[in-house]
Amino acid sequence: MTWTCSMTTYGCFQPSVIAAWLADYIMAESEAPSPSSEMKGEEGEPQIAILFIGVSLLLGVICRQLFRGTRVPYTVALLIFGVGLGAMEYGTSRGLGTLGASIRMWSHINPNLILFVFLPALLFESSFAMEFHQIRRCIAQMLLLAGPGVLISTFCLGLVHRFIFPYGWNWSTCLLLGGLLSATDPVAVVALLKELGASKKLSTIVEGESLMNDGTAIVVFKLFFQMVLGRHFTPGDVIKFFSQVAIGAVALGLGIGLVTVLWIWRLFNDIIVEITLTFTASYMAFFVAEMEAEVSGVLTVMTVGLFFAAFARTAFTGESQQSMRHFWEMISYIANTLIFILSGTVIAESILESHNSIQGKDWGYLVLLYVALQLSRLVVVVVLFPGLKYFGYGLDWKEAAILIWAGLRGAVALSLSLSVAQVSEAESAGYTLITRRTEAQFVFFTGGVVFLTLIINGSTTQFLLKALRMDHTSDTKALVLEYVRHEMYEKALESFQELGEDEDLGPAEWSTVCKYVTVLPYQAEVRPPAHPHEASANGEQTRMLILQDTRIRFLNGVQAAYWEMLDEGRITRTSAALLMQSVDESLDLVARHKPMMDWKGLQPHVHFPDYLKWSSSMLPQRLLSYLSVVRLELGCYIAAAFLRAHRQARRQLREFIGESEIAEFVIKESEDAEVEARRFLEDVRLLFPQVLRVIKTKQVTYAILVRLSHYVKSLEEAGLLEEKETNHLHDMIQVDLKKLQRKPPVVKMQSTQVVLSNQPFFGALPIEIQKDFRAAAKESMILREDALYTENSKADGVWLVANGTVKWSTEKFTGRQLLHPTFPYGSTLGLYECLTGRPRLCTVTADSVAHCFFIDIARVMSALSSSDPALEDFFWQESALVVAKLVVPQQFENITMQELRTLVAEASSMRTYIRGETVELEVGKIGILLEGFLKQEGKDDVIGAPAGLVSNSEFLLAGKDIAGSRTSSIIPQSAFYHVEARSRVLFIDFHSSQSTPSFVPLNPPRKTLSMGESAGLMRFGSRYLCSRKSSDGGPFSVDATQSHSASYSAKAMELSLYGSSKVPTDVGPSKASRRSRIMFQPESESYSNAASQGPAKQFSSAYALKPALPEVKWKSSLRANCSLITMRWDDTLTTICGTLTRKAEDTTTSHQHFGNSEVERCQATRRSAGRSGHGEDHDTMYRMKASLAIMREVVEKTRPLVSLGAALFHQLWCNLWLVLYGMILRMCRTGAVLLVLWVILNFPVQSDFLSWKAEKLC
């Protein structure tokens, strides 16, 4: 019977005819001589082995195309094709010619070579493709099935072989066949589970069990194979053998994986080398494990693959990731195609060529063995079900049923059976345990089981899934899918409106487009679907399902954003791995109807390390800085990526779902999770801003290089660059990218000496005291919510806040909740308590991570023991900064520490009073009682230090308004306090600070003044100059104590403003002075708002000319100029009074040389007046002081009149200028405006000249 005679008519192509022909053909040719002798010459040519590979791949392509979309596993079809090829080669007399010779070469290949060729690629691809998070959660279930499960299956099948099969095998032979049949190969089931959308945990368990129990089954097989060959093992030897093989394999796999991953991390955009390394690692690991280390090669390769999945997945990004995935998918496809077709040919050969060893009853025992195999699988799952249900994700009865039915056998079992069949006579000499019949039976039963499990189990798993409703799409997903289809319809309409008509070709037909775009819903324009979240009103259970689905989609969007940021270079590989892991863990929680908690998984990595609190003496400073920078960089990368990914996911969710209650609920969860991430970044910005700066520099550099690469590529695609030019530019960019990866910008941490020197209090001290304090300072990092000290505790030292923010709380001084009870960096805490010996005034805790230095109280007091009284005054002034915030919070709450330090340095004075004197608190001033006791005039209550002193306010009738009703106002008056004990009071002049103009002149003054000589409140030292030129050119001296104290305060203020002891080079003296002035302007107020607080509404004529001044803030300038005249008049009067006061104090100082306070000197002079004979001089001094007091009162009374007069004069002056130059302004516009305003702003009264005249008069 030939092919031509059998296939002449079309009817022969009917399935029944083909089956009959195949049976007759096999029976007719079964007794024909084997063509092996005829093909011997051809078999000797090794190149014909390539033909089998080509035919197998061609059959694989045909199967993949024919069965695509049918849910029939293509591996089952490959096995059938292999059996058919083997049947035609081994079951016919003619054979398949050259193809048959190639098949015979592959069929007679060494079974170990099959394992060495195919198994490493299949094992590595499966383990590398699995999600490490899923493996970690399911590892206990996988170990149960691969360990005890394989042993239970082996002994169950061994019992069947021993007591049911009539072959008389001993226990070793029975367990040997049971061991090799325990190796599962559920490739078809895993592919089907992924295609049908089954749960990931089930796919992970099935595939992970296959990976592990392949190794376990091979180890068990080797053990019993050695027993069959005559070796004897004690129980101890068995345990040692299993431990050595398993543990050694894992250790070897970890070593090879670590070396390969580190090598890959050193590469950059070299996908060919990366793929080659993974391929080499898999095969070298299997070879070294099996041939050199004598451990399990399967477990070794599996460990290498899992190590790659855990630590190297983020090493492949963008195109390299796609290339890697496609390569290993191709390798897996080729290996599966070849091995399943080869398995089919081997099965056919074992059946057709061993008919003398295989009898009819063996076919019945094959069916019985298949049933026993399913029952043993049932026993394994039932026995281990409690553990499978308890560990990992758990397991329900439906998933257990799939697990039982998914116990397919494959190439591993078949290869092991072939290795038994090829035992040499030398190996089995003297032993009759394995005969030729036994070898044939092993191959027959193994091949039959592989065929039956693939054909029956593999092809019917989809029906079992459907029966258990595990492939059913939930109602929630169906609603979302229908909603998406409707949105697709809208997008299609938009695209058609954009592309449907062409000026050259004309319009397109929408009806025809709809016929070809079948994904669009029918009649979508008539009946739009309901919103997918509207079903949440049907019940709480439906709402929970919709909420769960929305959370899952949101987290998937977050994870996609992480991958995108990794491709863009915004995050590192380590941070990307942690971010991905956090999303996976959150998805597990959401699957159990819990809220999103992806930030919880990131919290251990986003915080300041505890070793920051360690002293630098415990660890080398370089090591401590390196560890701190690495940890902080990782935390910043994670926090910034978390915030960016959640923002992007929220935007995408709103665009996809729209407005809904459930979507807003999920978005609220996301926004709540961002609070801690933002707080961490703020802490780093306060404490280590250089870390954020370096991270942003890396991101920007990477983005620029990537954009340049895309630009070069676009030029090449446009034909503007040749290939050689493109390659040259591309190589240059790649070199820069590699340099950025290997040698990125380094964070430079400031040394302790620099940090301390920039602290205002410490930096203003003399060099000798700085050295003493630096040697005794204890550096520490105070973590958030940790306490520096508590209220009423003993004062043991001073805390210098170098970086960060601390907050205070107390119940003594305020009864209301403050908005900003904080002390920023640069604050000096606890100094007042050390000076007075009092317990702590408040509790201070870290509001952020604070970098602090602690100086013991003994060192502080020793610094005060020096002979410099100005240093003591500076200490009191510095302590008053904190006391003012505590005792007068209403006045100082909204003033920053920098502003308060400037206010104390420039607009304050400190006096010491003795018992019996009266303290006058003038209007516009606030007093801080630092020492002693006072009693306010008219009241009996005694005020003890520390306390705030404010002026009185009297409620008086002020007259009638336009409507005739009585109006009232609050008129402030000076307050008087009687000294009950020696007291120290710091006066802060708020009126002087508020009169400072908040504007910047367009041009600098004609006379360039230094920082210390510039006029106004914020000048650095015009009041505190140590010497000043007189009229004849010679210097004259002022109070040295006041001068030195002022120099300390000025330097501290400079450090507070600029962060270092040097003024920035780009800020000149006038700019620095103006910057200091503007600091009193609230940040929320604009330039015009601050200037509008002056007499704004008086400039009616100037307001009428506003259209002529479109680009100049003329209104603000005029108002500010009016305020400037008033302020400078006040400053002139204050200068005159101050000069007279200093002369009076100089008179007192010339008679008495002890005591720094004028009151103490006066009292001491009184006591010694009779003895020293200077009574008349003292009376003169007191009369002068009385005159000065009267003069001050006159100045205060005349100040409103002077201000009003200056305003009227300035109004007339400005109107005159504006009228004269009105026409010029319209013609010259901006140039004329600048000229006029320059003239106006440079017409001020020179207060320095009046000050000099006052000093000459004195």
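Using N, Cα and C of the backbone, Cβ positions are placed for all residues, glycine too.
The structure displayed is predicted, hence computed values, not measured ones.
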Under TrEMBL, which of the candidate ranges 400-422, 1205-1227 is annotated transmembrane segment?
400-422
Which one of 442-465, 634-657, 874-897, 1234-1257 shows up in TrEMBL as transmembrane segment?
442-465
Do the transmembrane segment (364-388) and the transmembrane segment (74-93) come close, with at least three CB pairs under 8 A (pairs 6 or more apart in sequence)?
no
Does the transmembrane segment (400-422) reach the transmembrane segment (271-289), going by 3 or more CB pairs under 8 Å (6 or more apart in sequence)?
no
Suppose I define contact as three or more CB-CB distances under 8 A, residues 6 or more apart in sequence; do the transmembrane segment (333-352) and the transmembrane segment (241-264) meet it?
no
Flag the pair the transmembrane segment (241-264) / the transmembrane segment (170-191) as in contact if three or more Cβ pairs fall under 8 Å (sequence separation 6 or more).
no
Counting a contact as 3 or more Cβ pairs under 8 Å, with residues at least 6 apart in sequence, do the transmembrane segment (295-312) and the transmembrane segment (442-465) touch?
no
Where else in the chain does the transmembrane segment (142-164) make close Cβ contacts, counting only residues six or more beyond its ends and a cut-off under 8 Å?
135, 171, 173-175, 177-179, 181-182, 205, 208-209, 211-213, 215-217, 220, 368-369, 372-373, 375-377, 379-380, 383-384, 387-388, 391
Among the recorded stretches 74-93, 113-130, 170-191, 442-465, which has the greatest number of Cβ pairs closer than 8 Å to the transmembrane segment (271-289)?
113-130
Suppose you look only at the domain 'Cyclic nucleotide-binding' (761-856); what would the mean pLDDT be?
86
Other parts of the chain folded back onto the transmembrane segment (170-191), taken as Cβ under 8 Å at six or more residues beyond its ends:
73, 75-76, 150, 153-162, 203, 206-207, 209-210, 213-214, 216-218, 220-221, 223-225, 227-228, 336, 369, 373, 405-413, 416-417, 420, 433-434, 438, 442, 445-446, 449, 454, 457-458, 461
Let's see if you can do this one: DSSP helix, strand and coil counts over the domain 'Cyclic nucleotide-binding' (761-856), in that order.
20 helix, 34 strand, 42 coil
